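Take a look at the following structure, please.
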Amino acid sequence: MFGKKKKKIEISGPSNFEHRVHTGFDPQEQKFTGLPQQWHSLLADTANRPKPMVDPSCITPIQLAPMKTIVRGNKPCKETSINGLLEDFDNISVTRSNSLRKESPPTPDQGASSHGPGHAEENGFITFSQYSSESDTTADYTTEKYREKSLYGDDLDPYYRGSHAAKQNGHVMKMKHGEAYYSEVKPLKSDFARFSADYHSHLDSLSKPSEYSDLKWEYQRASSSSPLDYSFQFTPSRTAGTSGCSKESLAYSESEWGPSLDDYDRRPKSSYLNQTSPQPTMRQRSRSGSGLQEPMMPFGASAFKTHPQGHSYNSYTYPRLSEPTMCIPKVDYDRAQMVLSPPLSGSDTYPRGPAKLPQSQSKSGYSSSSHQYPSGYHKATLYHHPSLQSSSQYISTASYLSSLSLSSSTYPPPSWGSSSDQQPSRVSHEQFRAALQLVVSPGDPREYLANFIKIGEGSTGIVCIATEKHTGKQVAVKKMDLRKQQRRELLFNEVVIMRDYHHDNVVDMYSSYLVGDELWVVMEFLEGGALTDIVTHTRMNEEQIATVCLSVLRALSYLHNQGVIHRDIKSDSILLTSDGRIKLSDFGFCAQVSKEVPKRKSLVGTPYWMAPEVISRLPYGTEVDIWSLGIMVIEMIDGEPPYFNEPPLQAMRRIRDSLPPRVKDLHKVSSVLRGFLDLMLVREPSQRATAQELLGHPFLKLAGPPSCIVPLMRQYRHH
């Protein structure tokens, strides 16, 4: 212990150090300097190497503009793919779409190192979003088939032809703050060669300055216009600790009304993604959804994330003149044209409110007009649905909104490539508000409602409960600011679909109003919250599962008979009353099909619940709701959907390429439930059972009364 202390070893610095290599680049001579000798042979022939061929017809001149809240997506062309994004964006994250809860479980750290410098992060989440739209007219559907034929040839297998675009690789373009673009409907990359040179100046003129400039998130996009891009956030596991109310299902970014992201439940966010394709002004595709951005082209649309205290300006234009997600009575359409079309005199002044209808129009039987609603909002106007054969009485939302900014008398149909093309005006806030005024009730709901209490918020707005003064009954009021929507036209879904379709198992909308610049939708208040609370915190027996399935299938059978596809079936979209009755809600993503438009193609829904044909970009119909219901059954059995521990894009790849998912503990499931599930989770849509067929399945005979659900609600509230 008294030994001599060892001397500390000293380490000298480097000796005879020489800085032999210092690599640089001479911009004047366009040469590298100071390269190691071994590298010279690799670069010696660079100067003599021919430059890559660039087709000038494929380059669109653009003008840099301030950041724009509204950016439109391009139609994916031949080279686009789901795979390109699936390969590159496995770490994209998703947030619960329609949760209105104020609490959220802790979020596992995704690891900052896994995200490149192009990703903007907050609380471990990354947001990507772009939107485009969906073909919904007969001509559009025919054009889509013609385009596939021209791209892939006559002898291509139909299934492969539909999914070929999902087999190539995409690449990524990073868009930074202030570099977003706005554009009206744009042509395909493959169509540019057919345009005259003057058409580029027309495209260039479509870029517009930003209304808002406080957006802070960076976006990284697939430049090959891959059909996949998301405005959602992802947490791989569910954690207890959520309170019980349900949030709107639209796939918008978080709105401005609340605190930071940590205050809300993390659930997969519904995604509305698709393509916008080029058409002349009078032949615009009615499309909605989202596509990915072409490099150096102002294509694509984005919902930008903002600072928690900032604003998320969602001019849903998730705007464009797009997605006919439902049909609008033709008289509504005619009124909108009369009110909002530009004056024939060529004046630039548009009417700022609903114009007085001439006598002939007033006598046309506008029975569903809001101006003939009864004074009591509970007396919702009854609507007699025409059969699918009489769909000529209905106009798509795209056409409806197109009428706001375009009049055939003012804008003659332009020819492709013509330098004299008339540029359509973008729908102004006043025009859109005037159009919406036609389908809502007149008056101010505050005259008969009081005691507004905010119970939650969603991506489109906030939800309050209010008390009806003369009855004391509680109602739910969804308040949505028109100026802060990502796709304003989808607000028509909130009004028209819920107004016109009434069923015991569909959430009832009493009325809707325009209060200032906000759309207020007054609907029944369901105290039981969302089914998600039950599947997350409890375990359901087969009687309870059958009870839920029976109610949902009744609602779906009714909607499908009317030609309505819900497109976002999941536990978040199922609400419960205090006595256990089950109702379907969240119609923001629904779509109408008819004989004229028998299929849809936009990538819509929440990844884990999406049907394979939706992910593969194949035309689909009401069968997609049946697949999603099957996934929801697995959710009720296992507590979460299949692949929920994987990133959404990886899960989508597995859904698209793998056999139908199975229950984790198959031995715990009865054979009758397995048979019921097998009829829904069929990869081939034509072989999938319909809602009407499933209503006759023996499994549903196990269904009990609504009261059998009540113990589950009590159980999760004790967590």
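Note that the numbers count up from 1, one per residue, in the order the chain is shown.
Here the Cβ of each residue, glycine as well, is placed from N, Cα and C on the backbone.
What Swiss-Prot shows for this protein is this:
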BINDING   I455, G456, E457, G458, S459, T460, G461, I462, V463, K478  ATP binding site
COMPBIAS  358-373  compositional bias 'Low complexity'
DOMAIN    11-24  domain 'CRIB'
DOMAIN    449-700  domain 'Protein kinase'
MOD_RES   S104  phosphoserine
MOD_RES   T107  phosphothreonine
REGION    25-448  region 'Linker'
Using DSSP, would you call I455 (ATP binding site) helix, strand or coil?
strand
Using a 10 Å radius around its CB, how many other CB atoms surround E457 (ATP binding site)?
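Other Cβ atoms within 10 Å of E457 (ATP binding site): 27.
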Where among the binding-site residues I455, V463 do you find the Cβ with the fewest other Cβ atoms within 10 Å?
I455
Let me know the model's mean pLDDT on the domain 'CRIB' (11-24).
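Value for the domain 'CRIB' (11-24), mean pLDDT as a whole number: 81.
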Starting from the Cβ of G461 (ATP binding site), draw a 10 Å sphere and report how many other Cβ atoms land inside it.
28
Provide the three-state secondary structure of V463 (ATP binding site) computed with DSSP.
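The three-state answer is strand.
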If you run through the domain 'CRIB' (11-24) with DSSP, how many residues end up as helix, strand and coil?
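Counts, helix then strand then coil: 0 helix, 1 strand, 13 coil.
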